[in-house]
2 protein chains.
Amino acid sequence: MAPTPSWVKDLKPAGVQGTELLSQERAKSNVNVQALSTFLFTQEGLDRKHRILKILTQEKVFDKSQNYFAGRIDRFETALARAKRLRQLQVKHNWTDQDKQIANELISEPGPYGLHESMFLITLRDQGTPEQHEKFLKPARNYEYIGCYAQTELGHGSNVRGLETTATWNAEDKTFIINSPTLTASKWWIGSLGRTANHAVVMAQLYINNKPYGPHPFVVQIRDLKTHQPLENIHIGDIGPKFGYNTMDNGFLLFNKVKVPHISMLGRFSSVDPNTSKYLRPASPSLIYGTLTWVRSTIVLQSGSVLARGVTIATRYAAVRRQFQDRDAQDPKSDENQVLNYTTVQIRLLTLLATCYALHFTGRGMMQLYEANQKKMSQDAGKASSAKRGAGPEEVTPGSDLLADLHATSCGLKSLASSTAVDGLEVCRRACGGHGYSNFSGIGPWYADYLPTATWEGDNYMLTQQVARYLLKSARSVLKGNEPTNDTTAILANFLAKSETGAAFNIMDKDEDLVAAFAWRSAFLTFEALKHRDENKKAWNDLLVDFYRLSRAHSQYMVVKNFYEALNSSSINSDLDPPTIDLMHKLFRLYALHTLESEASEFYTSAAVTVRQIQLARTNAVMKLLSEIRPHAVRLVDAWDFPDWQLDSSLGRYDGKVYEDMFYRASELNPLNAITVDPYPNSEVLFKTNDSGKFKSKL
Amino acid sequence: MAPTPSWVKDLKPAGVQGTELLSQERAKSNVNVQALSTFLFTQEGLDRKHRILKILTQEKVFDKSQNYFAGRIDRFETALARAKRLRQLQVKHNWTDQDKQIANELISEPGPYGLHESMFLITLRDQGTPEQHEKFLKPARNYEYIGCYAQTELGHGSNVRGLETTATWNAEDKTFIINSPTLTASKWWIGSLGRTANHAVVMAQLYINNKPYGPHPFVVQIRDLKTHQPLENIHIGDIGPKFGYNTMDNGFLLFNKVKVPHISMLGRFSSVDPNTSKYLRPASPSLIYGTLTWVRSTIVLQSGSVLARGVTIATRYAAVRRQFQDRDAQDPKSDENQVLNYTTVQIRLLTLLATCYALHFTGRGMMQLYEANQKKMSQDAGKASSAKRGAGPEEVTPGSDLLADLHATSCGLKSLASSTAVDGLEVCRRACGGHGYSNFSGIGPWYADYLPTATWEGDNYMLTQQVARYLLKSARSVLKGNEPTNDTTAILANFLAKSETGAAFNIMDKDEDLVAAFAWRSAFLTFEALKHRDENKKAWNDLLVDFYRLSRAHSQYMVVKNFYEALNSSSINSDLDPPTIDLMHKLFRLYALHTLESEASEFYTSAAVTVRQIQLARTNAVMKLLSEIRPHAVRLVDAWDFPDWQLDSSLGRYDGKVYEDMFYRASELNPLNAITVDPYPNSEVLFKTNDSGKFKSKL
């Protein structure tokens, strides 16, 4: 590669330097960044992150400088090396699983142990018997067995009941035959399977005496422990390149009548009696719902930080980047304007900044709800059946009021939060103008890896039916005159009670009225949907679009409510100083009013607000909030405390050396610059030279 | 790579085969696909495409099977080989530039000759003198000079006046010194520059006797014609990987006081007298505006087809893919439902299908407007100055009414059409569920390559100011009582005339009233914005968000109007049969009503429609149109006539063999499956085997 000449190395960016611009930004705001970071993540959380960061940055294998350049195979290879080293470091430093999770977030790429460390270990732990723990979980925890969770098939995603892989009980020799009867039965998308795993938890339709019992989990060895070659009658491979997530080996898997022993069926909740061939249900599987709820809650909790990465990068760059003079400026020779000063940039970035905080507090609220539920179930379980065999805290019958609410809340918020984060990241990328398209922006690759979150753990459209179903059920209960038992039924009952007086929310002055307006719209849409379904007997399918809107409306209400409650908690006054608290309230109002005016039509139709209020929100309140928040923008993103190493972004550097970093990566790190081509169409030679000095021909 | 075992090869997808499902879809619609294709593209256009396709598919270098797997360097290498071969084919088959463009669309990847064949040749042709044509254009047309267009800099995009590269006139030896005074002056993003070009048109600030004359184009040789190494004091390289467009070598370029002769400055519109050092303007540069308008019009014209690729893929797959039984179905054992039957899928895909047609007819209307303008300018020029030196048709003073309208229209529609296409492609990708994330879907890579269209040729936010400025100017003219001179002033005058009676549009029954409602909203927002600016004296910057909304509203009006006019043209009755025409009207209504209800708030506020009308549009009209269009969906995408070879998509195959193709690519083509890893964390070895039989260590 041609070295960068010294006359280039001497050049500096024109005008005020990025470092100076960001310093000026930080100087003009009084936000206490450290206090705000602590409020968001706790001091212990911040300390732990920086301790782990220090270890990672000292290891050569975690060097990120070639990440954006490497192709699929090289990236996978590096990811595997990193996964191995990370496991070694975990042992060496005695890291907890949470510590390791923090390390993974800092590394910020999916790794080949991903599904082993999550779904494989969790499923073995939660669905295995003590005997199976000994046989499978123990070697899995020692990384002798490396596993994956094989549920999705080529022809079957969300509808688990439609899975085609079969597990047929064989009474004679007390085995199961695992089989893939069709091409669409091929397991597909299975993380860590393509090249890495030697075991799989396989979800398969259980058959006993030709009778189907639905999908059940089986532990199956799929590769030889020494040669790592697929076992006989098993076909495995990586499914190929994806939009992102290419450091992970998502795989496919087919079985040609593979025999596994009786112990392979994970037996805590269901099993086959080896002697009588009878189907047994030793415990209720409500735990499984609990796990899914937990996974969705985690997505909600992470969504704020996920989006904040993009907002941090785009906001810092918008403070460094200058373009055009202000059209109303008097002096035609004045400097170009910081892009962050344009209202078309503010309406995108500052509203998303507010959204990051909104999602963060919502995720925290969601987790608290989850933990409250776990505690309650644990208490109930203790009362009900403390002597039950192997009874864990989650083993009570589902369907309790809190659990149903938790399930619906986690579905609606997972859908809203992940869609908001992913779409918001793309808005951030585009707000960076042309340079946003370079991988060095750091936003595009991050977006591409996060993108599947909108589809997995429940497709963001599909999930909304769960929310609608729950809201309709709640509305029916309220209509029957039942007393409200939770917030959902309370807002529905309140809406009904006010049906004769109508709404009169002072959204421009009172935060609590803003929350109430969101509740009102959600309740209005719920009763509208109920009328369509119960009175007009509309087909379920014809209501799906309404249900989607309803779920979105209700989830936005929950976000506004959680944000409001976080800012009105008793602890905030001890954690933050008054100016920062005041700014948090402005972010709350910006999120709520901007959402309200973006969804204006439903607020009109429900008569939650007047046309005039919407106009005022749009043209006055939101614009005023943007200008009030603008001076604090850089400090407000600093509070998210992303190390440069984690962001891996030229545009988002803390020190503002945007152009120097872009240039360095292109001129010094880019392997494409090691080749010299022959550009003429009639020459058969493609490369005149490359690093290895060889000529190359392709035509 | 392990071969696919025979027991796997014998497997078929479960249930009704994809081929059968698509046949059923095609059987239940009476749309005449061939007539509709001809209506969209003309018979001559279709024939030409298929003739070229046949030639391309016979050439090994255009084989696409490794496109999705290859890394950056391999992809670039292949793209260069293809570019060379394509040029050879052009010569061999005597293809016109348009033929070559069709070939490029079929190949569907940006190539290293891209900027040579567009901006480099066009700029030389349009801005060069006859002497410069001989010296630069002739060898460029022969591919002895391979060039690029170096305008954008590391620190400067849209604001061309802010460019930093300088060209200083040297009276003593009659040369220019090209120089990059800072790091931000580095040319950046320049297509075909990174590895390929040996010449560049460099936009640089002209200085004569220390006086600046603004940016001007200079032809500069940058690499040696034999060794292809950069010339002395020139630093060049590829800028690195991007979100897409990685087959193109976008490059950077810096000059350390490089001397070029007098002839280097393209002299048709401006030059420096070599003897007096005086700045000359031999002709008016309005042509340059014409070129930009043409480029934007092309983007509008292509947007329909760009989006239609995604809609074709997603619609076909949604007809093959089945998931869940219908919730209201009586028979619990009934087959799973085709995903295309779900209203949440229809509301996304069928509205986008309508959008493809809307954009296509709008693009055609835009091109007609452009050509009418060219013709008028040519006539005017002929009258005014037929004896002018080198006078081309575009060389009249800009500012004519038609030209101003054309400029604003092209800005607004470029912004709306490219945003709609790019966002729509992502909606299509997500509508494919999990498999949409695989590159084999064909949507993701296409989206990634198209994405910069939202940023280049005028950022989609920035451009909206041009539209607003024009509308404000038009409104001021109308307020002064001037007679309308075009459609824009006509709708503004009409709005004013009806200010005492208000609107009463029968949007549910009359297509022309739907168009009028869009015109009303646009006029309302125009006068609102004018009031803010002229009466309330609001700062320009404070109005940018309003301007963005205004531009969007006005552009949506133009799309609705163009679609309406295309369906009410006299030719349609001879080209299409009545059922197909009827369906086209339904697509028009779906596009218009869905857009109207999505933007409901502005339609309320402007009192163009009532709240009840919006509700009816949302819950009745749109849902009814979806169910009426549903049976024709597959034929309506077939009419876009995309060859499978062009789509390169497992999910979008014409024959519906979705799963077979996914499986084939993963199991037979995927090079990652050639390696066997050592998965254990404590082993230092990474790969047990790979194709070359070597062991590999990374830790």
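Note: Cβ is positioned from N, Cα and C throughout, glycine not excepted.
According to TrEMBL, the feature domain 'Acyl-CoA oxidase/dehydrogenase middle' maps to A:148-258. In the predicted model, residues of the domain 'Acyl-CoA oxidase/dehydrogenase middle' (A:148-258) average a pLDDT of 96.
Every protein chain considered, the tally of other Cβ atoms within 10 Å of the Cβ of A:THR152 (FAD binding site) stands at 21. TrEMBL lists A:THR152, A:GLY191 with the feature FAD binding site.
Look at TrEMBL and you will find A:289-472 tagged as domain 'Acyl-CoA oxidase C-alpha1'.
Sequence annotations record features per position, and here TrEMBL assigns active site, proton acceptor to A:GLU457. Applying an 8 A CB threshold to same-chain residues 6+ apart, the list for A:GLU457 (active site, proton acceptor) reads A:LEU292, A:VAL295, A:ARG296, A:ILE299, A:LYS414.
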Per DSSP, three-state class assigned to A:THR152 (FAD binding site): coil
Recorded positions near chain B, Cβ-Cβ under 8 Å, from A:THR152, A:GLY191, A:GLU457: A:THR152
A:GLY191 (FAD binding site), number of other Cβ atoms within 10 Å: 27
